[in-house]
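**Student:** So TrEMBL lists these for the protein:
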type: DOMAIN; residues: B:15-436; note: domain 'DUF112'
type: TRANSMEM; residues: B:12-32; note: transmembrane segment
type: TRANSMEM; residues: B:38-63; note: transmembrane segment
type: TRANSMEM; residues: B:103-127; note: transmembrane segment
type: TRANSMEM; residues: B:133-153; note: transmembrane segment
type: TRANSMEM; residues: B:165-184; note: transmembrane segment
type: TRANSMEM; residues: B:196-219; note: transmembrane segment
type: TRANSMEM; residues: B:255-276; note: transmembrane segment
type: TRANSMEM; residues: B:351-376; note: transmembrane segment
type: TRANSMEM; residues: B:388-405; note: transmembrane segment
type: TRANSMEM; residues: B:411-429; note: transmembrane segment
type: TRANSMEM; residues: B:434-454; note: transmembrane segment
type: TRANSMEM; residues: B:466-487; note: transmembrane segment
Amino acid sequence: MLRLKSVKTLVIASAVSLAAATGALAFPDKAIEYIIPFGPGGESDISARFQQPFFKDKFGQDLVVSYKPGGGGAVGWAQLNSMAGDGYTIMGINLPHIVIQPAQKDVGYTTEDINAFYMFHYTPDAIVVTADSPYQALEDLIADAKANPGALTMSGSGKATANHLAQIRFDKMAGIKTTYVPFKGTGASTTANLGKQVKAQWGYTTVGAAQGDAVRMLAVAMEERHPLFPDVPTFKELGFEMVGGAYRGMAVPKDTPADTVKALSDMFGEINADEAFRKQMLDGGFALLDVGADGMAEFMKARKDEYVEAATEAGLLN
Amino acid sequence: MDFEHLANALTLTNLALALFGVVAGTVIGSIPGLSATMAVAVLVPITFAMTPASALILLGAIYTGAIYGGAYSAILLNTPGTPSAIGTTFDGYPMAKRGDGDLAVAIACYASVFGGMIGALALLLLAPPLSSVALAFGPVEYLWLSIFGLSLIASLSTGNVLKGLAGGAFGLLLSCVGVAEISADIRLTFGSPTMIGGIEVVGALIGLYCIPVLIDLVATPERHLKVDKGGRAVRFREGAIIAWRSRFNLLRSSIIGTLIGILPGAGGSVAGLVAYSEAKRTARPDQKFGEGEPDGIMATEAANNATVGGGFIPTLVLGIPGTPPDAVILGALLVQGVRTGPTLFEGGGSIVYTFIFGLFIATILMLPTGLLIGRYAYKTIVTIPKTILVPSVGFMTIIGTFAIRNSISDVIIMIVLGTVGWVLSRFGFAASPIVLGLILGPIAEQGFVQAWIIGEATGNLAGMFFGRPISLAIIAFTILSLLYPVIQGRRARKLLDMQAGSNAKTDD
Amino acid sequence: MPRQTIELSSRTGRKDIGTLIVASVFICLGLITLYDVTTYSDTDSVVFPTFVAYALIFCSVLVIIASWLRPSQSNGFGSGDWWRRLLLVATMLVACLIMPVSGFLPATAIAFAGGLFAARHEGWDTRSAVVFAASGIAIMAGFYALFRFALGVPLP
């Protein structure tokens, strides 16, 4: 089955290169609509805005960002496959949302419905405390949580989200019990942390980048340290196998031809390879990721297993 | 904050941008459904090519213009163009109906400029200390603030308080529909994909306020607004006199607007309503709020424009958006490579101060442009024949509601809710309590759930809910505002008794 | 004025049926909510709707009692043509339902025409029909262009 599939891809790929030789310069010959299934101003919007000028620069066509918020993204994703599959409509996608939402309830789409073609960055999970917090290092926080089980409150964005799953997984790894307080979005969660309504925050490296000296990150969930924060250790260094966060990418409707999907994947890969783009993203606290259309199935499966396991243990799925 | 920054703001480009921004914002804001957030978001790509300061000035000007523009449709069509203008409908539309629409538009403009200036002044002089207000407000404070907001139902529901409360509860219930904001359930959708996104506030506003007006308009051949025949002179001066007489109301409302604007969870709608109820509470006995009282318009409009400057305080100082449009502006700044937060006021100070002066300029420009556009809007709405007015407004409600989230479901919900709202209003269940519930529901729910979780974790639930000074102050305010009408009513009755002797009693 | 008093006297003693129906519907909504919350998995999402449902039922019962004791005389749908109201709302709803199939402009043209007919009390002649149709097309085209092209709204 697998081999058959790869043969098929090969055939398609050669067909594409043939097409490329003859007339593929035609794509894109008009503006591409880029739908963000959230409201403006969030991480999904901001990272799409980063891509916008580079797309125009490289491919001569506009990338028009529009918004279709509702249901934590579900409204947009549920409608994705009813849109025109000509490559001129793409939609932002987020993990763990597209795994957790359909696993919990009928939200009008399934994870398999989402035809993702590129995952371009993630915001690594991080534990954030205020600059004057007594927690100097991760071990202080763990010690406090062990001494007072459940009394350590941590803010985060929403429930069954990247922040929440990170809290569940970390609690289990460190053998501690913390209390997760869900807020509406990262902004509100950060405000609660800064205002000392909670003792710490499950946030992302982007929070550290935006808040500068006002906050301190205790650890980040990356393979290696983030270049913007050379002094912040990774969870791995401290002995916790935690790498991940909220992943963002783009998807197209299911009936989009494979060669168009490939072309889009290559285009966004090219943007991701641009040094200026990489620098902008890193300065914003994002971490880059390069999962194109060919590696997507494997990537999604790994994430799905990971999320479903954590969510099941926490009783979020029933 | 010296004259260098003022000079920077005063370049020809920046002045032109501020003017363009105010005009575009006012027009966009006046169309129901096109909110300030959207006006700002649409123009973000244009700003990529500008310097950060110019970009900020343009976006700030659009924002402030859009908040003002919401007053036009509120006054002339009873439809808040943005949620911030809900309170403007209460007295604005009655004024327009009796033929004073031009006056209402003029005083709304004066009040907006005044409020905008106070907000900008607070941003200029007091931003770092005031930003601590945003941090002092925790979940419990938001819970009590929303309960204070709900207590306004008592003062807003004219006549039947019980029906107002039932309507408010209905609104709270509507706010639960869809995917829950901070928990992980889908509520009250009954499996329908139409409802999964929940009930969008702006769409609901358009439905609840505008559709009933349209339904009533078509039913009878009467004119939409009363027109004065005598070719009356423009009533700018009359408006100015009224505004000057209410300078205390303007100042109080602007301060309320600034403070509530600083709170990231509240926003212009709450600010306008709180200022309105304060103005109503302290009204003279001869003022009839809800029947076309200029002070009601001024309170709301001063407060909602003050939230612009107020909202920028946490945005620029803490890097936490004070209002939804601020979130978009924050994102645009990030793309520009400008990092907000504590360092901005110190390190990148020049951008901030150039922007603040730009905001002043935009607010001042709003005076001539606002009066001009307002006059034009008034004339258009008054002279246009009803036959074409009704379908045009109907068309605008559809396209405007669609544009909020690019969703047809929202349009269907808008129409159905509007029709239901019309039926309800015919039996004394007014729209405003429902809207109040819809807006305040999520704030109350999130505040309650978070406070409960934190209180339980720290083992001090009672202290969490009743032991924090700001909470206690808000609770006191709530009780005061609930009791005040009773005390005032008694005092007024006594006065009447003394003055009119036996006549007053038959009135009961 | 005299007409109003006649109406009043003829209605005294009658119950305010509309209010009673609305309040009963509210009570039903509250009960439906109380049923719906039993399907939620997360207690955090149960608390608030439950409380609100009880509040709604409580207030509605009070409304029913109050209106039973002192029926309000001013309620009712008033005068006016029902077919106009229905035409307006129905055409708007139809427009929404066919929009995904027919596209934005054809769908809203139906709503626009419905609104025109509903709002026209003076009757029709060729001239007025042409004038209104033309201005209608101009207004719709103008707004469509503004939203679609200037504001980038992806209208269907």
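Glycine is no exception: its Cβ is also placed from the backbone N, Cα and C atoms.
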**Student:** Any chance the transmembrane segment (B:103-127) and the transmembrane segment (B:434-454) are in contact, meaning at least three CB pairs closer than 8 A with a sequence separation of 6+?
**Tutor:** no
**Student:** Would the transmembrane segment (B:351-376) and the transmembrane segment (B:38-63) count as touching if the test is at least 3 Cβ pairs under 8 Å, pairs 6 or more apart?
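**Tutor:** Since 3 or more Cβ pairs under 8 Å link them, the transmembrane segment (B:351-376) and the transmembrane segment (B:38-63) do come into contact.
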**Student:** For the transmembrane segment (B:466-487) and the transmembrane segment (B:12-32), decide whether they are in contact, meaning at least 3 CB pairs lie under 8 A, counting pairs 6 or more apart in sequence.
**Tutor:** no
**Student:** Check the transmembrane segment (B:411-429) against each of B:38-63, B:133-153, B:196-219, B:255-276, B:388-405 and return whichever range has the most CB pairs under 8 Å.
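**Tutor:** Against the transmembrane segment (B:411-429), the leading stretch is B:196-219.
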**Student:** Mark yes when the transmembrane segment (B:388-405) and the transmembrane segment (B:196-219) have three or more Cβ pairs under 8 Å (sequence separation 6 or more) and no when they do not.
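**Tutor:** Result for the transmembrane segment (B:196-219) with the transmembrane segment (B:388-405) is yes.
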**Student:** Any chance you could find the range in B:12-32, B:38-63, B:133-153, B:165-184, B:255-276 with the most Cβ pairs under 8 Å to the transmembrane segment (B:434-454)?
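**Tutor:** So the stretch in question is B:165-184.
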**Student:** Counting only residues 6+ away from its ends, which parts of the chain sit with a Cβ under 8 Å from the transmembrane segment (B:12-32)?
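**Tutor:** For the transmembrane segment (B:12-32), the list is 38-39, 42-43, 50, 53-54, 57-73, 77, 79-82, 205-206, 210, 354, 358, 361-362, 365-366, 369-370, 373, 377, 396-397, 400-401.
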**Student:** How about the transmembrane segment (B:255-276) and the transmembrane segment (B:38-63): at least 3 CB pairs under 8 Å, pairs 6 or more apart in sequence, or not?
**Tutor:** no
